[in-house]
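The following block contains the structure, expressed as structure tokens.
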Amino acid sequence: MENYCILGNPNVGKTSLFNALTGSYEYIGNWSGVTVEKKVGKLKENVGQLIDLPGTYDLSPISKDETVVTDYLLNDSFSGIINIVDASQLKRNVQLTVQLLELNQPIYIGLNMIDVATKRGIKIDYHKLMKKLKTPIFPVVARTGKGTKYLLGEIKHLGEGYQPHFKINYGEKIEETIKNMCQIIMTETSHDKYQARFIAIQFLLNNMQIANELNSEVVNKLSSLRDQVAEQVGAVSVRREMERIRNHYIETLLQDVVTYPDEDKQYFSSRIDKILTHKYIGMPIFLAIMWLIFQTTFTWIGTPLSDQLDAFIGGTFTDSVKTIMNYLGVIPFLQDLITDGIIAGVGSVLVFVPQIVVLFFFISLLEDSGYMARIAVLMDRIMESFGLSGKSFIPMIIGFGCNVPSIMAARSIENEKERLTTILIAPFMSCSARLPVYALFVGIFFKENQSLVVLSLYVLGIIMAFLVSTVLTKTILKNDNAIFIVELPTYRVPSIKTLWRSTWEKAKGFVRKAGTFIFGGSVVIWLLSYVGPHGINVNINQSFLHMVGSFFGMLVQPLGFGTWQAGATLVPGFLAKEVIVSSMAIIYSSGDAGLVNVIQNQFTPLSAYAFMIFILLYIPCVSTVAAIRKETYSWKWTALAVAYPLVTAYVLTFIFYQVGHLFV
């Protein structure tokens, strides 16, 4: 099967095009840093495989995700490249295009966001550009799918009759050096003359990954030639001279291809940014938007829908299942397991799906509109005080959905110590798995202020992340403040299709977890409540679950929720935070009183908020721990990522409850 790779600058629509060409769905957002590892999909019509590579501005990598690109181009086999460029930012995008053309591999250029360019008054004669580059160009709008069907039909012809042709003349002295380098590379390695020229050019540009691909003897010979030409070039470095020549080539290439409107025209994005990124009013606007989202999620839309679903699962559905099992003569043990264990456990989590969907819809709306990138800029000013840059806030925002992709997104951070710090604080972000816990307790104890209480927990998670990052960056991960440079995407009206797919994929992951982790956890919790030292079908106070819960309940007694029931829910919470709710449903619903009544009797508003603080901050779930181990390559850092949140959660919850108890 033929392999094709898709390449481009960050946030030019690579993943949108990938989804359109493969029919799959990968996470997209109107901001940079979404793709941090290569993703493989099967092209429609069995054309071949398409590999979506992380966005990069240059083939000389400075971050872990950019390393993936250069490594793939040098070491993997592929039939051609699809270079997607932003038509509204063509001059900057062509910088990467030129480097890819120097590979002298079959290439198609996808001219994306042609609609945005047109709205800005930018006119591009892509036919003329195609003739100049001698490379096929396909105008597309990846977000809507316009032009992608034609591109798909042409991909199978990519490389047919291809003859390497692209070459920039870097001047007599540098070209002579490139020629000598090529001879060494072809003699000492298996690369052909075209690959050798690309390697020589990248070596002269100080691409360290290229140097790492060669043996030390070849590197020494090439370094000697580079030093010689550096003396010949004079005061200007070889790299700077080559970049000057390349920039001149690009300007000449585009001068009669692209026509720009009046430069004095101020775009809509710029006018809006003056308000949304304002250093004084930008943050209050962000908090107000988040309050509106939570108000909609927990008061206006989400909760009423959840109540209806809860009534259906706990009433009609459960009664129907009981009737069917009685008719079939199912033994009492299985009946209890299914109704009191599986339906009670899994159902207690599924009732929050409407709230999850509403929340994900609005987060997807903020992402696709381009607003999320502005939040990173806004937070950069604050995060400098805590030893981080705004680039760390991008993975943190992703953590509102799930902490696992949040940790993986830290690959886009160039500075290794800042990347590691971001990984260690990312689990403090309130992921969707914690939301059912919040929803359950705010619905019982804080009915009039549900959105404000949940917002306070999200803000608390961010504050704790900042405080911990301060400690880390001043002690074991000392680091100079990094400069944060980010491209602000154009504001756009999100498409209904994109919003629906994004919301559905996120919600689907939540439901899928209900069918795996939560299902398994519910069965185990119910069995532990069913079995005890004295046999089976024991009173829950004589069960193994009571024994385990009593031990942990004793440990958290100073935190305000030291019952055996609360203690028993904390252990399976390591598996997945949603299991906390399913465990409560099984434990608290085992008696005559309902779940809500029992929680009201065993918690107060103060202890309920203390419990939510503890759930927010304590041990990350097992999937997050696995992601931390994968990204840090260290059991030491993984152990720290498990231990310090537990200590932090205990200390902060203890202080909150004990101080609050003095006033309540």
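Any Cβ shown, glycine's included, is placed from N, Cα and C.
This is the feature table in Swiss-Prot:
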| type | residues | note |
| --- | --- | --- |
| DOMAIN | 1-161 | domain 'FeoB-type G' |
| BINDING | Gly8, Asn9, Pro10, Asn11, Val12, Gly13, Lys14, Thr15 | GTP 1 binding site |
| BINDING | Gly33, Val34, Thr35, Val36, Glu37 | GTP 2 binding site |
| BINDING | Asp52, Leu53, Pro54, Gly55 | GTP 3 binding site |
| BINDING | Asn112, Met113, Ile114, Asp115, Val141, Ala142, Arg143 | GTP binding site |
| TRANSMEM | 281-301 | transmembrane segment |
| TRANSMEM | 342-362 | transmembrane segment |
| TRANSMEM | 382-402 | transmembrane segment |
| TRANSMEM | 425-445 | transmembrane segment |
| TRANSMEM | 452-472 | transmembrane segment |
| TRANSMEM | 516-536 | transmembrane segment |
| TRANSMEM | 544-564 | transmembrane segment |
| TRANSMEM | 567-587 | transmembrane segment |
| TRANSMEM | 608-628 | transmembrane segment |
| TRANSMEM | 637-657 | transmembrane segment |
Please give me the binding-site residues out of Pro54, Gly55, Asp115, Val141 that lie within 10 Å of Asn9 (GTP 1 binding site), comparing Cα atoms only.
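Hits: Pro54, Gly55.
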Which one of these binding-site residues, Thr15, Asn112, has the sparsest Cβ neighbourhood, judged by other Cβ atoms within 10 angstroms?
Thr15
Restricting to the same chain and to residues at least six past its boundaries, which positions have a Cβ under 8 Å from a Cβ of the transmembrane segment (281-301)?
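Long-range Cβ neighbours of the transmembrane segment (281-301): 275, 354-355, 358-359, 362-363, 366, 371, 374-375, 378, 382, 439, 442-443, 450-452, 454-455, 458-459.
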If you draw a 10 Å sphere on the Cβ of Asn11 (GTP 1 binding site), how many other Cβ atoms land inside?
25
Near the transmembrane segment (425-445), which residues from the same chain, at least 6 beyond its ends, have a CB less than 8 A from one of its CBs?
298, 303, 306, 348-349, 352, 355-356, 359-360, 395-397, 399-403, 406-407, 410, 453-454, 457-458, 461-462, 464-466, 468-469, 472, 506, 510, 513, 576-578, 580-581, 584, 596, 599-600, 603-605, 608-609, 611-612, 615-617, 620-621, 624, 628, 641, 645
Would you call the transmembrane segment (567-587) and the transmembrane segment (382-402) in contact, using three or more Cβ pairs under 8 Å, pairs 6 or more apart in sequence?
no
Per 10 Å Cβ neighbour count, which of the binding-site residues Lys14, Arg143 ranks highest?
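Top count of Cβ atoms within 10 Å goes to Lys14.
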Quickly jot the same-chain residues contacting the transmembrane segment (637-657) by Cβ under 8 Å, restricted to those at least six beyond its ends, or write none.
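Result: 420, 423-424, 427-428, 464, 468, 556, 558-560, 606-607, 609-610, 613-614, 616-620, 625, 628-629.
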Can you tell me which parts of the same chain pack against the transmembrane segment (516-536), counting only residues 6+ beyond its ends and a CB-CB cutoff under 8 A?
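Residues 336-337, 340-342, 344-346, 349, 542-548, 568, 572, 575-576, 578-579, 582-583, 586-587, 590 contact the transmembrane segment (516-536) from elsewhere in the chain.
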If I take the Cα of Asn11 (GTP 1 binding site) as reference, which of the binding-site residues Glu37, Asn112, Val141 has the closest Cα?
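Given the candidates Glu37, Asn112, Val141, the nearest one is Asn112.
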